[in-house]
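Peer 1: Pasting a structure here, questions to come.
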Protein chains: 2
Amino acid sequence: MVISRSECETLDEQDPLRDFRDEFTLPPGVVYLLGNSLGALPRRTAARVAHAVESEWGLHLGASWNTAGWWDLPQTTGDRIAPLIGAGPGEVLAGDSTSVNIFKAVTAALPLRPGRRVIISDLDNFPTDRYVVEGAAAALGDYEIRDIGTADGALRLEEALGDDVAMVLLSQVDYRTGASHDVAAVTAQVQAAGALMVWDLCHSAGAVPVDVSAADFAIGCSYKYLNGGPGAPAYIYVASRHHDDVRNVISGWHGHAAPFDFEPHYRPADGVRRFASGSPPVLSYTALNASLDIWERVDLRALRAKSVALTSLFIDLVDELCPGLTLASPRDADRRGSQVSYRHSDGYPVVRALVDRGVIGDYREPDIIRFGFAPLYLRHVDAYDAATTFAEVLSKELWRDEQYQRRLTVT
Amino acid sequence: MVISRSECETLDEQDPLRDFRDEFTLPPGVVYLLGNSLGALPRRTAARVAHAVESEWGLHLGASWNTAGWWDLPQTTGDRIAPLIGAGPGEVLAGDSTSVNIFKAVTAALPLRPGRRVIISDLDNFPTDRYVVEGAAAALGDYEIRDIGTADGALRLEEALGDDVAMVLLSQVDYRTGASHDVAAVTAQVQAAGALMVWDLCHSAGAVPVDVSAADFAIGCSYKYLNGGPGAPAYIYVASRHHDDVRNVISGWHGHAAPFDFEPHYRPADGVRRFASGSPPVLSYTALNASLDIWERVDLRALRAKSVALTSLFIDLVDELCPGLTLASPRDADRRGSQVSYRHSDGYPVVRALVDRGVIGDYREPDIIRFGFAPLYLRHVDAYDAATTFAEVLSKELWRDEQYQRRLTVT
């Protein structure tokens, strides 16, 4: 073995982030490798949410729009996310879902490039990104979507860029393979072609270094590595240089310049606040803010170092224990997010057999087995245990058991 | 006095809905007349939310998308709201904010009437309705907004309707005055002109009878009379006869026909599910569903009778105790929601003086004092106590105290 379990224990003792694991509730007897899908529950969250329910809502009711800061949650929460993605104060607004924010970003970006009628979309991107681009383009009318991707025959970005391109939407980290873009280089390439760059940070923020400061827009969710809870508020980043020129087409009263003056017509608030629309789901913001308390203390460079260590360790072990298995993720850590994926034609039953043995990964069509490594609460021994269990399931072909073939409704 | 406090106590003893008050946590020593803004906390909500946090999320994590029904929350929650608004199963989807749902409804409605380029909007409507219509019209392009209203010189609906009108958006109950439209008559009038009718139910659902079954679209919030919690998921109703023809421009993966097939292009789900966009904020849905457990047991006719009784009692008492005060709400109960409003040029300090004495109403520009009567948890003695305190504040001019003149940030 490239490393022993006791050597992994030693690495965990030396881990500068080791104490963060105690901040989380994790199910007993489980190695949870789906922090890239739904982050674990911070221990402090339950009490914070209970306080919001029982005191802020139950006792103080509508006064809490002022006294508990409910009204400003989209901005205050956004300002806490900003340092995690390389944005400045006043450039990030938290709210709505990722899909709604993609819609806002696309419909805000396109009018900034009048005369350019092409949107570059990525066939490898998470489906909602592509689907929402289609809806936004159809709504605004007369736009062409030009697909790029890594599949054979698909256009590459450099081939697709031209003086007809208004904007490009890409994910920093691929949700299936974990492959990571060079954000600075791609942003520069897109902007050099006169187009606007919109980044999806769902699979990168909270796990790998993110710096959107040169980009035009970005969106992301907070329920994966940021541990904000199921369906927690998403966020939108709008570079401050665009603030005076952009419109939010979902022009609700929370984004109005003077919402309580009840003016007859819409007048956008200054700054990123104009991207607010309706009332914020306070309980979901409260859970997210409990998690952001933890993030304030995280050294993001140590986080990245641990992410690389865990994913590299897992890859090395699987290389040794499962020869011939196809790694879908980049072997070069510089090109990889905090996720390791493999290709297997029976990926679905393999994942079900793993889950049955306490290793929680997931499956994505057509043949991808995903393991997410959330560096805040995972240990080197978790990577070790996951790799040895994975090897056992594959070498003994435990996944051939009939019970694992049956599809569950949602995976 | 038209009625004594002890007579009010007798009415409360005879109230068929009296036991519902025990379902709610209400701040001690307060008459809460802002259920039309933020509904009170159901007692059962805290435990339900805690279970969602600690068990569904904390212990079961992503498996809860299946096992706890998270994935289907927009539909299952919508189906529980449907009977409260006269809609059928599969016609209501819960999610997003009211503003986002207005945007979805407007952008879905307009393409159903090609060639008609006018949207009728109501200057008396809650601002976000008007603001979002402006944003949606600008996004789709080449639409005219024709304003109606009750102000001197404003167009009336019958004057504004014509064969160029694509849709009309009105609120069933006016947020300032509590005046109520005849939904059936207005819907018929609009549809006879060939236009689509979209109702905003924010200030009616859960307080007055609602029947949108003849309408084309409706939207509403669940945090007012429905007691779903601050910023709880809103909802959209789409008449089933339109389901095959409408598009959701915010075409996210949750509204896809086969979301886990990860198809390259958007293909809408059948029925109202296509109006889903992104991941649902689960904790906020959980709070709403706790409240909907209560609503399943409410006799809506008894609810309406009590609403009329409470608001009429309050009006009668204020008539007697505050002669000369201008009632802004209709005196005819058939034309009134569950809210009573008065006009007062110093409305803001009056409300602050009332709040200081435990009567929680609010103020809306330019001169409206609002009292909402949530019939599920208010008593006749509450109406009595509120009226006598209101009379004391006005007759003794207690509102002139300097402390009440200062504006709070949000009211």
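Glycine is treated like the rest: Cβ placed from N, Cα and C.
Below are the features listed in TrEMBL for this protein:
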- A:THR98, A:SER99, A:PHE126, A:PRO127, A:THR128, A:ASP129, A:ASP200, A:HIS203, A:TYR223, A:TRP253: pyridoxal 5'-phosphate binding site (BINDING)
- A:LYS224: N6-(pyridoxal phosphate)lysine (MOD_RES)
Peer 1: The record lists A:THR98, A:SER99, A:PHE126, A:PRO127, A:THR128, A:ASP129, A:ASP200, A:HIS203, A:TYR223, A:TRP253 as binding pyridoxal 5'-phosphate. What's the largest Cα to Cα distance among them, in Å, rounded to a whole number?
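Peer 2: Value for the max Cα separation, rounded to a whole number: 31 Å.
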Peer 1: Using Cβ atoms and a cut-off of under 8 Å, determine which of the recorded positions A:THR98, A:THR128, A:ASP200, A:TYR223, A:LYS224 neighbour chain B, and list them by sequence position, or give 'none'.
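Peer 2: Cβ contacts with chain B under 8 Å: A:THR98, A:THR128, A:TYR223.
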Peer 1: Looking only at Cβ atoms, how many others are within 10 Å of the one on A:THR128 (pyridoxal 5'-phosphate binding site)?
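Peer 2: The answer is 25.
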Peer 1: According to DSSP, which of helix, strand or coil covers A:THR128 (pyridoxal 5'-phosphate binding site)?
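Peer 2: Where A:THR128 (pyridoxal 5'-phosphate binding site) sits, the three-state DSSP reduction gives helix.
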Peer 1: Return the residues near the residue listed as 'N6-(pyridoxal phosphate)lysine', defined as same-chain residues 6+ apart in sequence whose C-beta is under 8 angstroms from its C-beta, sorted by sequence, else 'none'.
Peer 2: A:GLY35, A:ASN36, A:SER37, A:LEU38, A:GLY39, A:CYS202, A:HIS203, A:ALA205, A:GLY206, A:ALA207, A:GLY372
Peer 1: Check A:THR98 (pyridoxal 5'-phosphate binding site) against DSSP and tell me helix, strand or coil, would you?
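Peer 2: In the DSSP reduction, A:THR98 (pyridoxal 5'-phosphate binding site) maps to helix.
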Peer 1: So for A:TYR223 (pyridoxal 5'-phosphate binding site), how many other CB atoms are inside 10 Å of its CB?
Peer 2: 27
Peer 1: Cβ-Cβ under 8 Å from A:PHE126 (pyridoxal 5'-phosphate binding site), same chain, 6 or more residues apart: which ones?
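Peer 2: When sequence neighbours closer than 6 are ignored, A:PHE126 (pyridoxal 5'-phosphate binding site) has A:SER171, A:TYR175, A:ASP200, A:CYS202, A:HIS203 within Cβ distance under 8 Å.
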Peer 1: Please report the three-state DSSP label of A:ASP200 (pyridoxal 5'-phosphate binding site).
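Peer 2: For A:ASP200 (pyridoxal 5'-phosphate binding site) - judged by DSSP and reduced to three states - the answer is strand.
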